[in-house]
Amino acid sequence: MTSEIHCDSLWYGADIVTMRDGKYHTLSNGAIATRDGKIVWLGEYDALPATLTADERVKFDGGIITPGFIDCHTHLVFGGNRSAEFEQRLNGVSYAEIAAQGGGIISTVKATRDADEERLLEQALFRLRPLLAEGVTCVEIKSGYGLTPESEMKMLRVARRLGELLPVEVKTTCLAAHALPPEYANRADDYIDLVCNTIIPQAAAAGLADAVDAFCEHLAFSPAQVARVFAAAEAAGLPVKLHAEQLSALGGSELAAQHHALSADHLEYATEQDARAMGDAGTVAVLLPGAYYLLRETQCPPVDLFRKHNVAMAIASDANPGTSPALSLRLMINMACTLFRLTPEEALAGVTTHAAKALGLQASHGTLETGKVADFIHWPLSRPAELAYWLGGQLPCTVIFRGEIRQ
């Protein structure tokens, strides 16, 4: 005997792109039954169980349904912006010259430290809303522009508040090992002491961080210093991720794999050894085409090696004031295809299935399957490849967040 299924809402009248296993796996004329914010039944409409009852039925007029988008790498909370420096760079002023004038990341650190929480919140809301308009239902937000215990906690509190004020799930990452603050010039190990002994334990104790990140690069922190950060994160019970191999090959992504990091991000200079280690560890490669584009880089991430070694590839906006002031995940999907040669199917998996894995959420998010969170998007499109094809326009018809239409 078939048991009765009762749901709050039955959504039907569109093709459902489930993204199970990172593939389209489209259900023609599909239906999704949701209850208490979860998917309780999914399949073709003609296969609806006779025992299924719904409090409401919502019929779409064609189109496609995809999982909600996940932006798994952002720096949305910061003070000010660096549009003046953008103009300077276009006029031939080097990054080193800008930094010598007090610009670069240190200018953002100053603006972030000077801003109170309400001002940071106001600015972050302005940046987050365009992502939500495109169907983002889950977003990761990093700290990393405070670089003191007080300012890092301030950033993380603002990130948490964003998830309370807007209908979006926010995952927070403590990125205190992002840059060397000016007061620690030539004392990087001392600053790492502060990160490991004070900032990470405070963030964990306050419940403000879901993960810990670091920037492993010649202009930031060495693999040995990052290893200390990872040890502190693990002691605090937090998973790790890493900015790695963006500008040079330092072995950061292999280090991340050794620590079973959720993800290693950027990866333009990753090697086959890195890709093999990441594949073995299940570490996701998060590709950030916005930074690649704005910095006019010429070395692409080794996508073929990631495919060869079964490394899941996610895509994110890397929204930040310096190298990727990008507030469109749809544009990142197109850039990943045109610049990095991902297929449209891989790119869609990059903002759904694999983005969920990059945040440790693969059991609950990223695909449309029974038991998972009811976050999905209805698009006025006929094929999922159109999500990578169109530049601008074509916003969602409807975004469903936890089983309810997001207003």
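Keep in mind that glycine also has a Cβ here, set from the backbone N, Cα and C atoms.
Since we're looking at a predicted model, the values are computed, not measured.
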Task: Which of His6, His243 belongs with His73, His75, Asp318 in the Zn(2+) site listed by Swiss-Prot - done: His243
Task: Same-site residue for 4-imidazolone-5-propanoate (record: Swiss-Prot; known: Tyr145, His178, Gln246, Thr323; options: Arg82, Arg383, Arg402, Arg406) - done: Arg82
Open item on the list: I need the most crowded of these binding-site residues: Asn320, Thr323. Count other C-beta atoms within 10 angstroms of each C-beta and give me the top one.
Closed with: Asn320
Task: Under 8 Å by Cβ from His73 (Zn(2+) binding site), counting only residues of that chain that are 6 or more apart - done: Glu140, Lys142, Ser263, Asp265, Val286, Leu288, Ala314, Ala316, Ser317, Asp318, Ala358
TODO: Spatially speaking, which of the binding-site residues His75, Tyr145, His243, Gln246 is closest to Asn320 (N-formimidoyl-L-glutamate binding site)? Use C-alpha to C-alpha, please.
DONE: His75
Task: For the binding-site residues His75, Arg82, His178, His243, the one whose C-beta sees the most other C-beta atoms within 10 angstroms - done: His243
Task: Nonlocal neighbours by CB distance (under 8 Å) for Tyr145 (4-imidazolone-5-propanoate binding site), same chain, sequence gap 6 or more - done: His75, Val77, Phe78, Gly79, Ile105, Thr108, Val109, Thr112, Ser151, Met155, His178
